[in-house]
Ligand code: HEM
């Protein structure tokens, strides 16, 4: 049946018969979890959009109406708001996996992935404005104001973005339209992401050619992905039913008031790392560029020179540098919640510098380790004559080129 019907044939080539490496670990689960997050967000978002009013005098109350009067509205809103946190948790794990296992050398898949990340950030930012609470309004004011740092055109650009002289009704309406539409664009991009992925096939945790040891996607990875989905949806249910306000800011329970600036303005947890980087630079344009750079830097990873081994799994130095980067990311996130005063200010500056330093040091660790390995092998034997090191490096290189050309 699945070979005869055209539609089923395409579907089964993606989800049923697709040859997948035999040794994928749980770090390969996050892609499917991201897909599930996207579907859940679109579903809950669509149902809420039926009851939401994008108008400054009614937006806050319409969200209260969803929470109190609409059947199951409290569930939809909580699942949507907390679903965003799970979405970002998964995307950070997915990107981290890519950095550790050198998946960025799958250039097309990676570049589309980076675009997915940027669009997702824009969706989350515009979505946070919709409940029109204090943090919605002031968060939007801080972030949109950053565009004004662009020399010459900046101030006009911000007014154009606002549709007025400050964040207001026109801003809310266009943010709602963007927040409604962009997830569908995301869906198309996910299709392209998967298309490119299936062109090369998945990587694997050993970083070796997996063609000889492939298994069909069904039932092996259908079941493995299902286990991941049950765990993630279970965890989301625990948050939604037991701690629905776990990730939210109490300030956003107060309706937006342009005349009262909250004492501490901060974004949701998933943007705190970039927020710290922004605040660590005393110059507005510099801060805005560092903020943008902290995300856009992912686009240049495919330009790294290739190492002989694919991934950091056999390289203890790269291991250390990678996990130091992850720890530093957590420090940046924590500092984003603290006031801009000693010692947090200084720690934030150091962590911001370390964040960017990682992207220089990480590739160096590959070549440092390779040289060490080949030097030690060369020193321990003269069996193959003077050019043992070169011969072996050339052998590995040719193997590598064959696999990833
Ligand atoms: C809405 C967001 C995204 C969705 C739904 C998504 C979906 C997926 C899926 C289903 C896979 C295959 C399973 C797996 O390897 O986990 C995958 C693989 C991959 N994704 Fe994503 N992805 C998203 C975002 C990203 C981002 C932000 C990046 C990088 C910046 C990225 C880079 C990659 C790469 C390089 C692979 C192949 C990894 C390998 O096989 O070694 N993706 N993605």
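From the backbone N, Cα and C atoms, a Cβ is placed for every residue, glycine too.
Its own atom aside, the Cβ of residue 179 (heme b b562 binding site) has 21 Cβ atoms within 10 angstroms in the protein chains shown. According to TrEMBL, the heme b b562 binding site annotation covers 80, 179.
Annotation for residue 94 (heme b b566 binding site): same-chain Cβ neighbours under 8 Å, separated by at least 6 residues, are 30, 31, 34, 113. Look at residue 94 (heme b b566 binding site): DSSP puts it in a helix. Feature annotation from TrEMBL assigns heme b b566 binding site to 94, 193.
If you look up TrEMBL, you'll see 198 marked as ubiquinone binding site. Within 10 Å of the C-beta of residue 198 (ubiquinone binding site) there are 14 other C-beta atoms, taking all protein chains into account.
Summarising the annotation, TrEMBL assigns domain 'Cytochrome b/b6 N-terminal region profile' to 1-206.
Here the domain 'Cytochrome b/b6 C-terminal region profile' (207-377) returns a mean pLDDT of 95 for the predicted model. Residues annotated as domain 'Cytochrome b/b6 C-terminal region profile' in TrEMBL: 207-377.
TrEMBL lists 33-54 (among others) with the feature transmembrane segment.
The transmembrane segment feature in TrEMBL is assigned to 74-95 (among others).
Within the chain carrying the transmembrane segment (107-130), a Cβ under 8 angstroms from the stretch's Cβ atoms is held by residues 52, 54, 59, 63, 84, 87-88, 91, 94-95, 98, 136-137, 139-140, 143, 167, 171-172, 175-176, 178-179, 182-183, 185-186, 189-190, 192-193, 196-197, 199-200, 267-268, 270-271, 295-296, 298-299, 301-302, all 6 or more beyond its ends. Annotation comment: TrEMBL describes 107-130 (among others) as transmembrane segment.
For 175-198 (among others), the entry in TrEMBL reads transmembrane segment. Here the transmembrane segment (175-198) has long-range neighbours at 13-14, 18, 34-35, 38, 41-42, 45, 49, 52, 54, 106, 108-109, 112-113, 115-116, 119-120, 122-123, 126-127, 129-130, 140, meaning same-chain residues at least 6 beyond its ends whose C-beta is under 8 angstroms from one of its own.
Positions annotated as transmembrane segment by TrEMBL: 218-242 (among others).
Under 8 Å from some Cβ of the transmembrane segment (285-304) lie the Cβ atoms of residues 95, 99, 104-105, 107, 110-111, 114, 117-118, 121, 146-147, 149-151, 273-275, 277-279, 352, 355-356, 359, 363, all in the same chain and six or more residues away from its ends. Per TrEMBL, the feature transmembrane segment maps to 285-304 (among others).
The annotation transmembrane segment is assigned in TrEMBL to 316-335 (among others). Same-chain residues lying 6+ beyond the ends of the transmembrane segment (316-335) with a Cβ under 8 Å from its Cβ atoms: 92, 96, 99-100, 269, 272-273, 276-277, 344, 347-348, 351-352, 354-355, 358, 361-362, 365-366, 368-369.
Panel annotation: around the transmembrane segment (347-369), residues 99, 273, 276-277, 279-281, 290, 293-294, 297, 300-301, 304-305, 307-309, 312, 315-318, 321-322, 324-325, 328-329, 331-332, 335-336, 338, 340 of the same chain, lying at least six beyond its termini, place a Cβ under 8 Å from a Cβ of the stretch. Feature annotation from TrEMBL assigns transmembrane segment to 347-369 (among others).
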>> Can you tell me which parts of the same chain pack against the transmembrane segment (74-95), counting only residues 6+ beyond its ends and a CB-CB cutoff under 8 A?
In response: 27, 30-31, 33-34, 37-38, 40-41, 44-45, 47-48, 63, 66-68, 113, 117, 120, 124, 127, 232, 235-236, 239-240, 244, 246-248, 268-270, 298, 329
>> Does any of 80, 94, 179 have a Cβ within less than 6 Å of an atom of ligand 1? These are the binding-site residues; tell me which, or none.
In response: 94
> In sequence order, what residues of the same chain, 6+ apart, have a Cβ less than 8 Å from the Cβ of residue 193 (heme b b566 binding site)?
Replying inline: 109, 112, 113, 116
>> Given a separation of at least six residues and a C-beta threshold under 8 Å, show me what packs close to residue 80 (heme b b562 binding site) in the same chain.
In response: 41, 44, 45, 48
> Which of the three DSSP states, helix, strand or coil, fits residue 193 (heme b b566 binding site)?
Replying inline: helix
